[in-house]
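To start, the structure itself, in structure tokens.
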């Protein structure tokens, strides 16, 4: 028998189904589960990392429990080693642990060789003295570990490209010559999230040491079709209820607000459960590199709060009717590392790549922004620069200090001014009349951007409801609005006072 076949044989011989309609029966792995195990353990190159991404309710937790028991007292047990499972919440971590305990208690042979410590969420495999711990991001037990096997459950819930808890687990494996990291999860909502980055890297790099099995429905899948369900639910009809799937699909069909949730959790698609202003496919349609040729250019300036992103977006219509977009961003240097973690965005990487500029100190120093803008606009025949008046006074002073004259025009952030600009930008994007070059910082802002409506149906971007920074999209919308002459009078829009938070 191969190594993978021994793992399968152990699970099907010693692991008992602990709950559900098949309770008490020997566990029988579905073909997709066997395929994954064989790919991981019989990989000629050796497997360092394995990813299995499937929709919810496809036997994920049972597979995790079976694999960890194979490493605890089965054919993969290694003398005096440690294995862990990790989840973001205590509840999720407890589910894996409790399922493994139930499997042990249902088999007298396993009961004899596994010591259970419920209070510490710990199992000891007595034959080889292997210790298993169920960890959660809410706990404080990740440091001092050295697991030869780590299984991460529902990593798709991590927002952004980094997570301290997961870092602590993965870096703790460095003491072993052949550690194994297994990730079993439904997909993340966005391309910029950690699991998406791991999956994309596995696909692009073709690293032979990474096994990656992803079951997902096509982007344009019809949510009512069985073939769409089957693409993401390989256990459909066995331990994934087809009747329940049909109910969920019917609900998504009659309730548009539920469709994104269904697509993410049940079709395993990268779809945010919050409806974005611009869909990923539309954004990518406009991803060609922008072209700087002589024309009239319009800018939008979003200064935001002094410790957030400051964004300048310059846009202009080319002879072919397409709008070319050039974004520029600034952020405080002193708090860069902290905000890289809190915002879950690779600001530090973008700074190194020249995509994000920094200013000294803990808040954005507008004098440095002004100096940069003076250099930037030398490449553009700038007609107007739309700005949000709430934070413009210091910016004006810094511009005056170096003798910089800018064609500044006030632009309200309420529904009155933002509404037409949002409509215009959306129309341009939907018709492929934008070239933004997939600038990573602007793309992050686009992914995060959501809109809200007033009673009349007017829309505006809303930072309070966004899933992350949207400053670049606000500036981009303002630049398009400035081009159409959609600017406020000196007094501003009443909506600004009612609907806009005073600080962000």
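A Cβ is built for glycine as well, from the same backbone N, Cα and C atoms used for every other residue.
The stretch that Swiss-Prot tags with motif 'Walker A motif', taken from the ranges 38-45, 46-53, 54-61, is 54-61. Between the stretches 149-154, 155-160, 161-166, Swiss-Prot puts its motif 'Walker B motif' entry on 149-154. Applying DSSP to the region 'Nuclease activity' (326-415) sorts its residues as follows: 40 helix, 19 strand, 31 coil. Around residue 471 (Mg(2+) binding site), the C-beta neighbours below 8 angstroms that are at least 6 residues distant in the chain are 302, 304, 308, 309, 310, 311, 329, 445. Away from its own ends, the motif 'Walker A motif' (54-61) comes close to residues 30, 32-33, 95-96, 99, 153, 184-186, 215, 232-235, 239-241, 244, 265-268 of its chain (Cβ-Cβ under 8 Å, at least six residues beyond either end).
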